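As recorded in TrEMBL, the features of this protein are as follows:
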type    : residues                : note
BINDING : 125, 129, 130, 131, 249 : (6S)-5,6,7,8-tetrahydrofolate binding site
DOMAIN  : 13-381                  : domain 'Serine hydroxymethyltransferase-like'
MOD_RES : 234                     : N6-(pyridoxal phosphate)lysine
SITE    : 233                     : site 'Plays an important role in substrate specificity'
Ligand SMILES: *Cc1c(COP(=O)(O)O)cnc(C)c1O
């Protein structure tokens, strides 16, 4: 089922030209602007093909061999393959591949290990904690008693001494490590040591770095955390979805926390697409990709710093950069708007210190397109020129169009 059938589909174009036009418009947008959002990537045509397959029709509550619906014999094989590939890829005893999203994976991890009202220690939201790490707007903040740790003001690195002090003082039932905006590796062994000292479970929310872990470009939380939650659509480059990894002793609790506790029927087309992505991630080409993502982020960071942007922690170990545009006299929102007008798409994010917002960007998508350090230098130059007001958005937009035109994410579409 070639992907062109999904997007250019004569069927869709004939039946619903309005929607066909929208799908094509989004493909053009993604192909002609720079996708700097740290959480985004371009899945392969093979992953898109699985997503657009008739597996989307199948109801499959339960797990392979124990479904509440008939006719699951084929999709059972798909899920078994996905589970086996994930387990092998990450060296985990058990993988649950049914979580609909990263947030659902975290919800299930809490459901497996905690009771409402339990105390949980996680990175505070102003420092880079995710909504599921205790936001009052999220189930996590409503149902659990979250205590937040932060980063050292000088280095911007996680304040492990504070983590230990807070753990001793609050005796949390679980400690969460993982962030939406921490560009450095996390010391999972140290988190494990602190969790053991106070008798807490350790939950690693590795939504961002799990793709780097798959490619051997970042340390793995699997040997240290009781439960690892992840997404499959960030650096990992699979379909939009979640995943949970754990040891054999928690396998059944985790599975029951996903279904029937927090979810209904599994999305079998997505699970098949996850299997395809795990297969891709196990190849030497993906290992090279993951390392190039980090090389590119470092190169981009060094250039942006040289242009005058202030990077939290002074740089990155990963795919992610957090930049404060204050030296340009701009706040994050204004900077994001200017960059968007020039075709550079990224997010703002909280900065660990001060009230202003910063910029969060990543190199996962650009690296998938085949860009390298030469292109990172070019991106940094346009980026800084736009923020400085030295280049008008039209000229910059043309440069971005020219650059992306040389690196089409889907050359065959
Ligand atoms: C992206 C992310 C999530 C949530 O993923 P969704 O699929 O958007 O629900 C959870 N935790 C962290 C740390 C993340 O970065």
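Any Cβ shown, glycine's included, is placed from N, Cα and C.
Caution: TrEMBL annotation is automatic and unverified by curators.
Sequence features, as recorded in TrEMBL, placed on the structure.
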residue	record	DSSP (3 states)
125	(6S)-5,6,7,8-tetrahydrofolate binding site	helix
130	(6S)-5,6,7,8-tetrahydrofolate binding site	coil
233	site 'Plays an important role in substrate specificity'	coil
249	(6S)-5,6,7,8-tetrahydrofolate binding site	helix
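One residue stands out among the binding-site residues 125, 131 for having the most other Cβ atoms within 10 Å of its Cβ: 125. Between the CA atoms of residue 129 ((6S)-5,6,7,8-tetrahydrofolate binding site) and residue 234 (N6-(pyridoxal phosphate)lysine) there is a gap of 17 Å. Cβ neighbour count for residue 130 ((6S)-5,6,7,8-tetrahydrofolate binding site) (all protein chains, 10 Å cutoff from its Cβ): 24. Close to the residue listed as 'N6-(pyridoxal phosphate)lysine' in the fold, though at least 6 residues off in sequence, lie 38, 39, 40, 41, 207, 208, 210, 211, 364, each with a CB less than 8 Å from its CB. Each residue contributes its Cα atom, and for residue 125 ((6S)-5,6,7,8-tetrahydrofolate binding site) and residue 233 (site 'Plays an important role in substrate specificity') those atoms are 22 Å apart.
Among the binding-site residues 125, 129, 130, the residues whose Cβ sits under 6 Å from any atom of ligand 1 are 130. Across the residues annotated as binding (6S)-5,6,7,8-tetrahydrofolate (125, 129, 130, 131, 249), the two Cα atoms farthest apart lie 31 Å from each other.
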